[in-house]
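A.B. asks: To start, I am sharing the structure in question, which I have written as C-alpha cells.
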Amino acid sequence: MATPQFSCLLPAFFLLVVFLFLLIKELRRYKSPKTTQKLPPGPPMLPIIGNLHQMASSLPHQNLKKLADKYGPLMHLKLGEISAVAVSSPRLAKEVLQTRGLAFADRPQSVVAKLMLHNCLGVTFSRYGDYWRQLRQIFAMELLSSKSVQSFSTIMEDELFAMVKSIESEAGRPIILADKLISYLYATLSRATLGRVCKGKETLIEVTGETLALSGAQSLEDIFPSVKIFAYLNPLRPKVRKLFNRIDGVLEDIINQQEKKLLSARVDNDQLQPEENDMLSVLLKLRNGKDSKVQVTNNDIKAIIFELFLAGTVGSSTTVEWAMSEMMKNPKVMEKAQHEVREVLKGKKRICQSDIQKLSYLKLVVKETLRLHPPAPLLFPRECRGQCEVDGYTIPAKAMVMVNCWALGRDPEHWIEADKFEPERFKNSSIDFIGNHFEYIPFGAGRRICPGISFGATNVELLLAALLYHFDWELAGGMHPKDLDMLELFGPGCTRKNPLSVIPSICIPSHDDN
C-alpha cells in the first residue's frame, strides 16, 4: 500500500490557522470599546476582508465612482487590515494633494516595489524626506527638465522616423497600433537613458514588461501586514526575486560599461560628447562628483533607471492609443486634426520637435484625451503620515489615499457633457495638466506630481503628429467608427481592453532628408 501523502494538506492547514487568527482579531476589534474617531462614510464591510470585494472589480476607478455617488466624495474603505480613503471631488483633491500635501506626501510601499527597487529607492515609492527631496531635485534639474527633454530631440526624431518607416512597410494591412508605439518609446527611452550602444538593453526591456505585468498585483502580505506567515506563502516573492536578480545584474553591467566608455571617451575637461550625454552619464557624474550637493549610489542609479523604464512607456503609449481611438470614433475631430498637421507641416518629410508648438488643435486633442483617459485613473496612492482631519473627518495614520482623477475629469459639476469627446472645450481655456486645476489632474498634483510630464507630453504630441501627417487610417475588418468599443482594461495603466487594430495608408511618404 502506498504511503499516505499528507503534504497536500499543509496549505489548507496554514490557511485554516490564518483564518482563525484573523477571525479572532476581528472579534476582538468588534468587542473592543468604540473609538471616538469620525471616519468618512463608506459602504458596509465584510468580516476580515472589509471592502476588498468592492475593489476586486476589473475597473476599480469606475466602481469607486459609483460608490462615491452613494456615500460621498470622501469615502472610507477597509482593504483587509489597511484603512483606505477614496477622494472623488476637486475640492477634496486639492485639500489632500495641496493644502495638506505634507500630511499625505508618503507612498504605500508594496512587496513588489520593495523587492524590485532596492527597498523602495528612487523617486516614485521612497518616503518623503531629505532623500526624496534630493532625488526630486535630480529629476527636476538634471534628468527631465525642459532643457534636458529638448536635448533629446534628435533621438526622438530619429526613432519617430524609424517608426514611420516601419508602419509604411505594412501599409494596407491591419496593425496593432500599440505595438508600434511601445517599440518607439522603448527605443527612445533606451537611447535617452543609456546611450546609443549598450549591451543588456533587450533584457532590461523584457524584464520591464514582466515587472509591469506584476506591478498591479496585491498580495495577502500587502493587505494583511500583521500576518507574517503570508511573507513565506506569498507566490509573488519568488517570481519577483527572480526578476530582481536578472535586472540587478543587467543594470550593474550597464553601469560598468558606461563607466568604461566615459573613461575612454572623456575629452575637453571632462565635457561629454553629445551622444554620451544620456541620463545614466548624468547620474554617474553626480555619483562621482566630490562637490555635488546630491550624492547617489549605484543602487540609487539602478532604481532610478528601472523606474524610468517602468513609467516611461505605458502612460505615453496608452494616451496615444486612446487619442487615436477617440478620433477614429469621431471622424470630424480626426479630419480637423489631420488638416492642421498637414497645413502646418506642408512639404516636410520628417517631423521635428520644434514643429509641435505650432499644432494648437492637436494639443487640445491631447488635453481632452487625458481628461477622459488619464494614464493612472487612481493616480499613485498616497499614504497619510500621521492621523489628521479632512473635511471634518478623521483620516487614520498610514491610511492609503486614492485620488480618483478619472472621476474628477468626468464630474458633471465641472464639465459640460462630461462623457463626450470634445477637444474644443479647452479652446481659450487656462486649464492645464500640470496640477493647477484640480478638476483636471491626469499627472497628479502637489509635491509628488509626476516628474516626467514634459518628456511624456512631448512624446505623445510627436507620435500623434507623425501618425496624422504621414497616414490615413481606417478600422480593421471594415468596422464602422460608431461600432468601435471604448472598453477599458485596468492595470499598470488604463489601456484599451481590445487593442486598436487599424489599417494605415500612406498619404505623405517619409524621406531621409528633412
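For all residues, glycine too, the Cβ spot is worked out from N, Cα and C.
Predicted, not measured: the structure shown is a model, and the values here were computed from it.
Taken from Swiss-Prot, the feature transmembrane segment applies to 4-24, supported by sequence analysis. According to Swiss-Prot, the feature N-linked glycosylation site maps to Asn428. According to Swiss-Prot, the heme binding site annotation covers Cys450, on the basis of similarity to another entry.
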A.B. asks: How big is the gap, in Å, between the Cα of the residue listed as 'N-linked glycosylation site' and that of Cys450 (heme binding site), rounded to a whole number?
C.D. replies: 25
A.B. asks: Across all the protein chains here, work out how many other Cβ atoms are within 10 Å of the Cβ of the residue listed as 'N-linked glycosylation site'.
C.D. replies: 6
A.B. asks: So for the residue listed as 'heme binding site', how many other CB atoms are inside 10 Å of its CB?
C.D. replies: 25
A.B. asks: On the three-state reduction of DSSP, what should I expect for the residue listed as 'N-linked glycosylation site'?
C.D. replies: coil
A.B. asks: Where does Cys450 (heme binding site) sit in DSSP terms: helix, strand, or coil?
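C.D. replies: Once the DSSP labels are grouped into three classes, Cys450 (heme binding site) ends up as coil.
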